[in-house]
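Q: Okay, so TrEMBL annotates it like this:
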| type | residues | note |
| --- | --- | --- |
| DOMAIN | 1-84 | domain 'Glutamine amidotransferase type-2' |
| DOMAIN | 154-293 | domain 'SIS' |
Amino acid sequence: YYADGLSFEQAVQTALNQVIGTYGIVTMCSDEPNKLVAASHGSPLVIGLGEKEYFIASDASPIVDHTRNVIYLDEGEMLTIDENGHEIRSISDDTVINKISTEIEFSIEEIEKGEFPHYMLKEIHEQTTTITDTMRGRINLEDGTAHLGGISDYLDRIENAQRIYITACGTSWHAGLMGKYLLEEYSGIPVHVEYASEFRYRHPIVNSETVVIAISQSGETADTLAAIRKAKENGALTLGICNVVGSSISRETDCGIYTHAGPEIGVASTKAFTAQVTVLFLLALCFGRKKGVSHSSGKKFTKALLNIGNQVQNVLYNSDAILEVAKSTVHAN
């Protein structure tokens, strides 16, 4: 298309309108070395805004050392950067899109290993702080309940739902299994837990009286995003539980709750899982108090939640003893 006379941006846009599948790309043209064109469809792109400089990545972690101001490209958007600044347009119809930048909440120190030999051990030891951060400002000990501002406008609809689906992948799916027991016990609403990759391809009973809870650490899990879109097409209320502010799931769901676990670098999830389970406990407490759980039971619940961090810390204090047990059993059959 470029050879046929279209401009660099027009050639990229025309080509992308014919692409089937997901992508997050950045393109350059040797004839216009001071221009970049980036585009997103089903794959995240974050644009860092610096002083007369830009940074493009799939998430905010590589950018935070250079700038804290970012723009998240949404599905089907194209960004052009040149010496005059940047412009965002729709890939499909060329509509100009105005976006306000957001500030990255975590710091560079949070994505460094510090005194630990690897990220997984560091993140295991961060669980006490993570649990505290997840609950901060959300527990009302006096009333024996939890306040979740991200879903407050939708509480009536959630409480009156006929069924709840929890959809996720990997470790987040396992958090959902725990959530099923909690939510069914305290809300009295039937809860089904499904892998997002299964949910998106079958025909679950989903309608306007259904709540679909999507759990994802990154907020970018492709199958979970597809499950959300399927649920919304069928009229369900979608609720996201994710860690990354500004992620696709946080933007596409009707309401949601952030876990505030901080960046998780280790591939095997640790603190993110703990934070997800903590949020599900808070959600169950919130539902339970509105569904008939007594004030005294609610206070007992909140006290137990507030003590979890100390219990986790007590386990971590015994790390050396646990290491010796692990060494003695690692080769056991």
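Backbone N, Cα and C define each Cβ position, glycine as well.
I would like each feature placed in context: is it buried or exposed, what are its neighbours, and how far apart are things?
A: In this model, the domain 'Glutamine amidotransferase type-2' (1-84) carries an average pLDDT of 91.
Across the domain 'SIS' (154-293), DSSP assigns 65 helix, 28 strand, 47 coil.
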